[in-house]
Amino acid sequence: MDTEAHSSIPQTHHRKGGWITFPFITATMAGLTLSAAGWVNNLIVYLITEFNVKSIDAAQIFNVVNGCMALFPVLGAVIADSFVGCFSVIWVSSIINLLGIVLFTFTAALSILRPKPCSDSSLCEGPSEFQYAILILAMGLGSIGAAGTRFSMGTMGANQLDNPKHQENFFNWFLFTWNTASIIAATAIVYVQDDVSWAWGFGICVAANVLGLIIFLAGRRFYRNVKPQGSPFKSLACVIIAAISKRKLQLSAKAQDYHNEIIGDEGKQPVAAAPTESFKFLNRAALVTQSDTEQYGSIKKSWKLCSVQQVEDLKTLIRIIPLWISGIFLSTPIGIQASLTIVQALTMDRHIGPNFKIPSASIMVFVLISGAVSLPIIDRLLCPIWEKVLRRPLTPLQRLGIGHLLNVLSMAISALVEAKRLQITKAHNLQDSPVSVVPMSILWLVPQLIAVGMGEAFHFPGQASLYYQEFPASLKSTSTALVAMLIGIAFYLSSAFIDLFRRMTNWLPDNINQGRLDNVYWVLVVIGGVNFVYYLVCASLYRYQNSLPRNNG
């Protein structure tokens, strides 16, 4: 194996990393996902049944919590990239998550920490300020802790491998492990919470978190820990400041007129000696002037001069931002659908046979099952057939495009199913009875969730591998966290859209039997369609920065 190809990997006396770390990282991911998903999946039902929160309000809280869990990884990634590395972020976040779940367990076990149950003869009593404070603290700690581990685990796992193809395979297994653990959480743990005890359900989450943390720490001696390289955003800001300060200078065609640093030893990919022609106004940031040099010709360190590598890093970010924006409006309809589907499930017949009743939150397991089943089919069957027929591999951008189409299809199915539910509700005169069960099986919701899961199996690994391979080395953790960031923004937008629908229309009353949820889904179909066209334009204009395979093991 070519030793030069590995020069970008920090070396130790005994080489670390590789597939030997795979069992530790995947087992840790399974435990931590089980603990986080165990309290998040059933949050809407917990708020409605134990804290007397109205259904649509609970859906909005659910979206905000999911937004926090998806948005906070960006902060964790910046800390990992800039200061302490992935390992420290993961174990500290695991402890924070544990504290949040312990608080949830207390709220379930101690009646003083939640309001009195509703009765048929009286109005529901909401939680007190103290009870709300404990609940918010539990959700906050749980969100921060889960966020710190979720995507840092992905980055750390990819850092153990050298070959981009191996890294892409890892992201597939990363999502597979995530989905499998989430399936267990959405079925077994939710069943325990609904039919045995909320306290026992949260207690299982505590045990899973502790076990995952122990396994993670046990593999410490095998991990390859990439040394933090300082804040990458400082160098990006430097490029902007330097380019503005030198905006009146003429650009040079000579490579020697630009500042170049030998930075390959710190893990960054080498670039051309002269800046590329795209976004030429930024090239001035690397242009060396007389004021940038010392008396004996050495380069001064200042905010008015950056390296060519730093300039190209910023260009990479600028090129990928339009694609990233399309991901926000890909995930927003999914967030709206996820919360409202649980609200729908609460009104439908959840019996399977005479003795078994599906917990309403468990219906979302079909998204996870669909994703888990689709991933190996895509990886082992579809991709080889695609490559054999077209003589080129399925690219991340093509995977994303297929995910967009499946997402639009799912929203259309959701609209048709909800129209059917409302029709049955009207036929049985149940519009004014929010607690009555509509005689329509909960399994009608399955097709739309299968389509969402299939779509995620295409677009989630596609986004993760695209950002990880295309981003500069100094932003590797941030690259995978950007997937979380767009999901977080999408969940916040989901809550904002739900609030907008409630204010501007009568489609989403507290009693959805009196609303027009099907119209909400049709609006999401339109949003998804417009976003898909926007994505096609962005994808057609995008050029891969690292399109050639790297021969590094």
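Cβ atoms here come from the backbone N, Cα and C positions, even for glycine.
Copied from TrEMBL, the annotated features are:
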TRANSMEM  20-40  transmembrane segment
TRANSMEM  60-80  transmembrane segment
TRANSMEM  87-110  transmembrane segment
TRANSMEM  130-149  transmembrane segment
TRANSMEM  170-192  transmembrane segment
TRANSMEM  198-219  transmembrane segment
TRANSMEM  323-346  transmembrane segment
TRANSMEM  358-378  transmembrane segment
TRANSMEM  481-501  transmembrane segment
TRANSMEM  521-542  transmembrane segment
Same-chain residues at least 6 beyond the ends of the transmembrane segment (20-40) with a Cβ under 8 Å from one of its Cβ atoms are 46, 65-66, 69, 90, 94, 97-98, 100-101, 104, 142, 145-146, 149-150, 153, 156-157, 160, 170, 173-174, 177-178, 180-182, 184-186, 189-190, 201-202, 204-206, 208-209, 211-213, 215-216, 218-219, 222-224
Tertiary contacts of the transmembrane segment (60-80), defined by C-beta under 8 angstroms and 6+ residue spacing from its ends, are 36, 40, 43-44, 47, 53, 86, 88-89, 93, 139-140, 143-144, 146-148, 150-152, 155, 228, 231, 233, 335-336, 338-339, 342, 477-478, 480-482, 484-485, 487-492, 494-495, 498-499
Take the transmembrane segment (87-110) and find every residue of the same chain, 6 or more past its ends, with a Cβ under 8 Å from one of its Cβ atoms.
28, 32, 35-36, 38-39, 50, 76, 79-80, 131, 134-135, 137-149, 152-153, 156, 197-199, 201-203, 205-206, 209-210, 212-213, 216-217, 220, 223, 225
May I ask you to check whether the transmembrane segment (521-542) and the transmembrane segment (358-378) make contact, with contact taken as at least three Cβ pairs under 8 Å and only pairs 6 or more apart in sequence counted?
no
